[in-house]
Amino acid sequence: MGTEPQLKLYNTLTREKVDFQPIDRENVRLYVCGPTVYDFAHIGNARPAIVFDVLFRLLRQVYGENHVTYARNITDVDDKINARALRDHPGLPLNEAIRLVTEKTETQYYQDTTALGCLEPTVQPRATDNIAQMIEIIEKLIARGHAYQAAGEVLFDTKSMADYGQLSKRNLDEQQAGARIAVDAHKKSPGDFVLWKLSAENEPGWESPWGRGRPGWHIECSAMSGRYLGDVFDIHGGGLDLIFPHHENEIAQSRCAHGTDVMANVWMHNGFLQVEGRKMSKSEGNFVTIYELLQTEKLGGRTWPGAVLRLAMLMTHYREPIDFSVKRLEEAERLLAKWPAADIGNAKPDATVLVALADDLNTVVAIQALHALAQAANADASILPVFAASAALLGLLPEKVEMDDAVASEIDARVRARLELLKAKNFAEADKIRDTLLAEGIQLKDGKDPATGERITTWEVKR
């Protein structure tokens, strides 16, 4: 793939645009902070999902589809989840209530991101499946003098790391001088943060050398990125709001545990989003979830297709703030209406589109080039495949897969049979159907109808 352009990415760590050089061209590794599954994702959460999906597509284009590993985590242990579970299911044991909340929210997130045209990440680890890895990192930090026990908690000792604060450009003296609240008496320094805390009897918890407890927020991502991508990997992404304290503390934990100079070589952050000129908040009445935008008339008195939301996001450079509005959605919809339907065939993306995206994901220029290509394709059908390949690189033209109606009907019948087996709790036979379909290139996605709570299953030809 040597003819592809040189990727240039803005690195928050160095505050400059750099030539991207992967550690291993055979396995380019990307980690993005995913959702905390206590509530449906809002349209601000849609932005990193879309932005880093474009990066994932671009990396696959440059290095090959089988040479990129994209990990996006699911945070399914958090005090916000506990609070939501108690609120929504007061009559149930807390662990059962938590399971209902996290399953419903995670399923909806997958449905939302699929509707937005996002490819499925290579791995989507859950925090609760990686507790052992978190405990192992904490043990290393204690052994190396970077963490301590106090008042039922294990805390990271920020003063033990000489260059703590590199990502956010904050130093410990500034944090101490700027503290507005009294420092917890058990902390050595104001910036020290929780790695592990004890759980009450009714709270979720796991056995550890420090007692039955649960992890702090930051340690979760250090454990999952390390497990699936290694001690040092290529790119770490997320929203600007995560730079401090979350990403700063991830770096501190990972570097001090593994003895490395960096955690990730490049740190990328997407800008903030506001709605109709105001910060999005429930108190302002302009808080909108992805589900509400796609399925209800909450914004603009109508529903909006996922492709329209995606294009509306990409019409602004990812590092710039977005003012999300009905006007912007209408503009994106008008633009999409002018683009022809087309099959990719064996075509490659247009060089102008590819070069724009290689320049720090310049989707603004890429979309301008794509629109010019669409106009040319409307006049000359021979250009259609190149337009389609270029649009697919932005996730704006899903690949069409021709399938005989009889074959599709047969797949539908097997999916329905599996649902009946699941209802009968015959999980072994249900899994056989799922695995057979997967071997045939058919990916199943289980979910629940938000309105009825009934189990639903959709399928697609695996990309």
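For all residues, glycine too, the Cβ spot is worked out from N, Cα and C.
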Of 209-213, 214-218, 234-238, 279-283, the range Swiss-Prot labels motif ''KMSKS' region': 279-283
The annotated motif ''HIGH' region' range in Swiss-Prot, which must be one of 35-45, 178-188, 222-232: 35-45
Listed in sequence order, residues not in Cys33, Cys221, His246, Glu250 with Cβ within 8 Å of the centre of the Zn(2+) site Cβ atoms: Trp217, His218, Glu220, Ser222, His236, Gly238, Leu242, His247, Asn249
Secondary structure at Cys33 (Zn(2+) binding site), reduced by DSSP to three states: coil
Residue pair Glu250 (Zn(2+) binding site), Lys282 (ATP binding site) - Cα distance, angstrom, rounded: 29
For the binding-site residues His246, Lys282, the one whose C-beta sees the most other C-beta atoms within 10 angstroms: His246
Alpha-carbon spacing, Cys221 (Zn(2+) binding site) to Lys282 (ATP binding site), which is rounded to whole Å: 28
Binding-site residues compared (Cys33, Cys221) - highest count of Cβ atoms within 10 Å: Cys221
